[in-house]
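Colleague: The signal peptide annotation in TrEMBL covers 1-18. The feature domain 'Spondin-like TSP1' is assigned by TrEMBL to 145-194, 319-371, 586-644, 721-777, 984-1029, 1225-1278, 1340-1399. TrEMBL lists 1444-1483 with the feature domain 'Thrombospondin type-1'.
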Amino acid sequence: MILTLPMGLMCSWGQCIGEVCGSSGVQTRTIWCVHIEGWTTHHSHCQHVEKPESKRQCFKICNWHQDLFEWEISDWGDCVLVSFFSNELKLRTTECITAQHGIQRRNIHCVRTSNRSTVSIRICEFFSQKPPVEQACLIPCPQDCVVSDFNSWSSCSKTCGAGLQHRTRDVLAAPMYGGANCPNLTERRTCTNSVDCPLAEGEYQYSLKVGAWSKCQLPHNKDAFLNGRTTVDFGASSNDNNSIMLHTLDSNNQFNHHRYHHHNAHVHLRYPMSWDLEVGYQTRHVRCARNDGKNVMLSLCTKDNTPLTYQACVMPKDCQTSEWSSWSYCSKTCQSTDLSPGYRLRTRIMTQIPYGGGKQCPALEEKEACNIIGDLLPKCPRYTWKTTDWGECRIRPLIGQQDRRRANISMLCGEGVQTRSTYCVQVLDDSAPHYKKEVSRPVNAWLCDGDDPPLAVQNCTIACQHQCLLSQWSPWSACLQENCTEPQGKRGFKKRKREVLWESSNTLGTCPHLMEFIPCEDPVCYRWQIQQKEKCIPTNSSCGPGTAVQNVTCVNAEGVDVPDTHCADVHPPTEETCDVPCCADCVVGSWSFWSPCSHSCATKTAEGKQSRTRTVLAIPGKDGKVCPAAPALEEWRVCNDHPCPVFYWNASEWGLCTEDASAKINASSFQNWTSSCPVGVQSRNVSCMKTNAGPVTNKRCLDSSRPETNRPCLLPCKKDCVVTPFSEWTACPTSCLPDNSTAAMQSRYRIIIQRSANGGQECPDTLYEERECDSVRVCPVYRWRMHKWHSCTLVPDSVRRGLSGSGEACGNGLETRGISCVGEDGMPANMTECLQWAGPFPSHIRKCRVACKEDCTLTAWSKFSECAGCGSSRTRRRSLVGRSKKKEHCLNEDLYPLEENETCPCNQFLSQPVGNWSACILPNSPVSLQGWMKHQEVKECGQGLRYRAVACIDQQGHLVSLFSQCSILGHIVEICHIPCPLDCKLSEWSSWTACSSSCGSGLKMRSKWLREKAFNGGRPCPKLDLKNQVYEAVPCQNEYSQYEWQIEPWSICTINTVDDLPACGEGVQSRKIRSVNASIDVSLCDQEEMPPRAQVCYLACPNDCVVAAWGAWSNCPPCDPGSERNRTRHILRLPASEKAACPELVQSEPCLLNSTCFTYQYKVSDWSTCRLSENAICGQGYRSRLLDCVRSDGKTVELQKCQQFGLINKLQLLESCMVDCPVSCILSEWSPWADCSHTCGTQGHSVRTRRILQEAHEEGRPCPNQLTQTKPCSIKPCYMWLLNDWSACTIELIALSSDSKEKQFILHFWQISLLELNRLLLNDDQAVTLDASFFCSGDCHLTEWSTWSSCQLTCLEGRSFEPTGRQARSRAVIVQAMENQGSCPQQIFETQPCKGGKCHSYQWKIGGWTNNKRAVWCQRSDGVNVTGGCFPQKRPTTIRHCHPPCTKPFSHCTPSGVCGCEKGYTEVMTSHGFLDYCTRTPGVDNSKKADVKTNSGRLKPRPSQANNLFSEWTLRPVGPGTEIEILSKQLASPPPQKPLTLAYDGDVDM
């Protein structure tokens, strides 16, 4: 047995333990013995000499040592896939749904706090556990490279012979997070032209090939140049990338370009005070290539003007930047409903602009996500809308222009509108002290934009005078004691009452008095009432004197029976003497009813009288009682003897509520009130009034009916003014301001929430404060300082001699000058300051030329001639000198002009209007900063101003920013007028029409008609009928029903007698019929109801039977068929003879509907229109209708008829109604003018807005359409470089002449911002040259960059994973000749960050099956077909296969996925449903043989199907020999195809 103790089976050392701090501590660990196979055994089995120590001394760290050491933890590194750590790249077999797992790592050290030096990790582990070094993280799913579809094929690369065609596609999304690489972006195929190239044998084509310039390098020191030489390699290789190589003896002196590398230069770089450039040289290779790829002499390609192979250049300088600034605060500082993370930024500035192809600047801004887990953050503040108290109720806005001129504004009442302000506040934490008492300060309204603001307008009511509808007065009562239970004195009152039929809910005023009194003498509270008398019974015989029993009861004033003891008067006798006429006595009828009283009251000159009459029914006989005299047949009595003036209690309106100690006694009645206001008392005056006279002593009125004079009330609550705290000060400008600009201001405000009332604390005077900003800095002033130009630097002599053999130090070169930055005081400053404040960077390099011997020599340019003014030109001249005058090429003025003209500078400026006029803008009303909106109808008309931008331009039409040159303020202002709105105008009310009903109740109407329609947004008309009228209707009664016939008593019955016969028997009597009022036309009374003026009468003779007049007919039952009605009369005098008969005493007649029997029912008129108080515009009113009693024949009768038949009226005659208020549109104030949309140019405009607080209702003025107004901003020039199209690509054959005036600056595809480009270039016009490549025929090259793809976000479950998106572009490889494929570059692509991207998803799309094939492609969610993006393992199949395969002769796979037979053959199936074999179809010509001379044996037709097209084989010779090309041609229809036999001639191709 071999035992060992592996090192891995020792426990780690424990903590250092000791009694005191220091080196006396002890550490222990556990050691055990294990078998080599891993199981534990006794320690004796292990050799003791190999046993490691289990105890050691250590230094015990004290607690105070904890302050000396700490963990130093770096930031987490990038999240990297787990496979990257294990160096394993596995094929994705499952689709990534959301994200893939990764690992983040960080560095952890234990350091001393004093000097940050690293110590053993064990020291820090003693105090705290080591933080984790790595953590799991999520990486978005792998994103494969996504490319577009191929574009169309290019034309053939050659016009003769064989060539190549290509088509390309672009990269839409670069691979990320381990996604698949991009596929080949180019696809090519061969193409053949019908024309052969006419190239004779032994002839060649030559191409001049110019290589790229080498990197710019500094000249070597003198020794190096003396000991070295420059050689050009003209090897036989056809590689285009041949270059010039410099060979020197000492390679250690070679210049090291990497010392300027960005990351080695800027780390500890102090910001430079100036930038200096170094001039070096660069070379390139120029060769002549033959079409077989061999290099030949240059003279075969060029005769003259060989391209330059060297030039001076600017030494590259890399971009240098400052250190990163500290991270900004995270944009997300609190929890919100938005789950996206926040971002933080850090920036750095450019301290060195790159030159000469130096390394471009890295990103100057870096953004990263922060606060991704929002649960650890405090909750975001919440904001809500608050409102002020409602303002006063106003009715004036409801009145139109037409009514406003007529109405007394102070008397208006009814419904109106009231407004309040809304403002936004932060919701305070409930845990904050005094939360409920503190009023939050107002904040910007946009913080509450997520919620709709509360209503700022509501309806309100101004109380109108109380309205009442009253009934008619009741009849006067008898003279009664004031208190019948305790009668006092002999003075009483007569009284009458009326009832309230309807009253309004208004609180102002009360209903008129409901009771009137008349003082009277001898009041009687109780009286004897004789209800009926029995028949008179003679005392001794059948006629003569007798007695009649009568029923006597004691009743009170209301007619109710009371005990007899209440009646103080003597009890009337229960029997009354009466007389029964004898047969010879005169008979007189009973008294008629009393006539109406002639006067309603008694005056000093007149009193009321009424009469009653009776008539003689039988004349007396001999010895009988005579008839009474004529005066005795009529009785008169005084009526309505009370004086006309009546008395009533008059109560004034209730006074104000005042504090009163006695009111506290009645405060218990207010216990249910929720108000905390104190209880007071209201009083009113109550006095006794005499009609048409005024107040009298209260004794004239019934004291028991006196209204109350005091009542409890709630005193008005004392209200202090409540104001919000001041808002925060508005922000001061963050950018600096010019030295001479006006001081920046900031302001704050507060809002009145509640006005003071009833003696409360008044509101403060200051609601708006303004102050100057303290922290706004003045923009610093820096300027560029240009130093002298250095001498012209040429390419070194050694280089020039080695390349061209020329020894003369002349030609084109570069000269530089130093540029530094100085402050306002002239002291040097950092260049970064001038980049920010000093404007464009001046040019500090330019081309120069050192004249050669063969150059043309010219004098210097003369001064320009004087200018004649703006628009003129000036001239300068020069001349040739010496031998140049005789040189032919020097005389070419196109190359060497001797005169130059230019336009004179002009300091005249013009002002020119730009753009359209703005809308007419009305002046703002004084802004109420009190926070108490007194909303009125917004004035939308009148005089305003409109604006038009004005540009200041120079003579060339360029914008200038010096408005002082044009003496303008940036705008043309013009007075304009907005037409005022005209409301709809109606006419005055017409006269009332006649009542709509000819009998009974109806409606009478009046109308207004349209006079003018509304214009320019005026108040619309009310709803009009087809005649453009509006109506008002009130109930009425036809005037016929207001008059009745006045009937006088019948005259004496007149009997025509003959001789001396008694005047008895049948006669005639008459009466007068007239209207109630003699002055009223009789025609106004109902003629059909006119009573008869005469009638037949009967005067009984002596001894005849005499009967009384007929009584009233009895009521019919409900007009039942067969029923009858009766009337009766009684005998007043018996006949003298018993044989004589009396007339009938009972009469009956059938009840005939609408003849002798009538039914009755209530009928109401139509409703009136809603009627308001006299001074009300809208609100609550009432409408009414009248009640009629209608007989069954349609005649309207008095209401008593319906009441007599017991009909109960359940119809409502009065009800409340509402008239909608014509509320006009109410708008908020205009917002302040927003900042200009563009800081420069002619498109800038400023906007202000307002919102609708209350939409128009009914006939209110509608809201205007213009809720947004814009006006142009002042025009300032935008400075940008305008680049025209590139010129044709040319090869530099000769150097630029020293006379060239063109200023050039070469850009090497720098990715720099426009601002940096402006700093690089001069202020005046520049000609920008671009290093370009000219591809020779047959060269392999890259395409131009594709356009940038759309911005695409990296998303997780539809949400952006990163703050910015990315977009890509690519360059594909173009091969023009197959033999040049070896020199082709690689396809390239690049990406850049972008903003405003979208999340895209990818999905496989499939087409329909055709011949067991179908198209399958990947499509992006925006509908773009792409390659890549879809999960490859889920790609649907494109070919449908049969299982098992179709191996039988003449079989093929059908579209349905089963094996079938070709045309002419029939399937024979096995018992399992599979194809067994194909047999010939009977009747079909099947002459196919497996012969080499038939196509049936060699060429099988394609699978066929019933609806598919067939293929036809055709032959076409393709060459001078016997070769045959077989073509497949599609036919429109499938005709029968016979086998085509081909003649075999022994050619091997057959």
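Using N, Cα and C of the backbone, Cβ positions are placed for all residues, glycine too.
Note that TrEMBL annotation is computational and uncurated.
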Colleague: Just to confirm my parser: what is the rounded mean pLDDT across the domain 'Spondin-like TSP1' (1340-1399)?
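Modeller: PLDDT averaged over the stretch: 83.
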Colleague: Per DSSP, what is the residue tally for the domain 'Thrombospondin type-1' (1444-1483) in helix, strand and coil?
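Modeller: Residue counts for the domain 'Thrombospondin type-1' (1444-1483) by secondary structure: 0 helix, 17 strand, 23 coil.
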Colleague: As a test: from 145-194, 319-371, 586-644, 1225-1278, 1444-1483, pick the stretch that has the greatest number of Cβ pairs under 8 Å with the domain 'Spondin-like TSP1' (1340-1399).
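Modeller: Against the domain 'Spondin-like TSP1' (1340-1399), the leading stretch is 145-194.
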Colleague: Count the residues of the domain 'Spondin-like TSP1' (1340-1399) that DSSP assigns to helix (H, G, I), to strand (E, B) and to coil, and report the three numbers in that order.
Modeller: 6 helix, 24 strand, 30 coil
Colleague: With DSSP as the yardstick, break the domain 'Spondin-like TSP1' (586-644) down into helix, strand and coil residue counts.
Modeller: 4 helix, 19 strand, 36 coil
Colleague: By DSSP assignment, list the helix, strand and coil residue numbers for the domain 'Spondin-like TSP1' (1225-1278), in that order.
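Modeller: Residue counts for the domain 'Spondin-like TSP1' (1225-1278) by secondary structure: 0 helix, 17 strand, 37 coil.
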Colleague: Please work out the helix, strand and coil residue numbers for the domain 'Spondin-like TSP1' (145-194) from the DSSP assignment.
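Modeller: The breakdown for the domain 'Spondin-like TSP1' (145-194) reads 0 helix, 21 strand, 29 coil.
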Colleague: What does the DSSP secondary structure composition of the domain 'Spondin-like TSP1' (319-371) look like, as residue counts for helix, strand and coil?
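Modeller: Split by secondary structure, the domain 'Spondin-like TSP1' (319-371) comes out as 0 helix, 19 strand, 34 coil.
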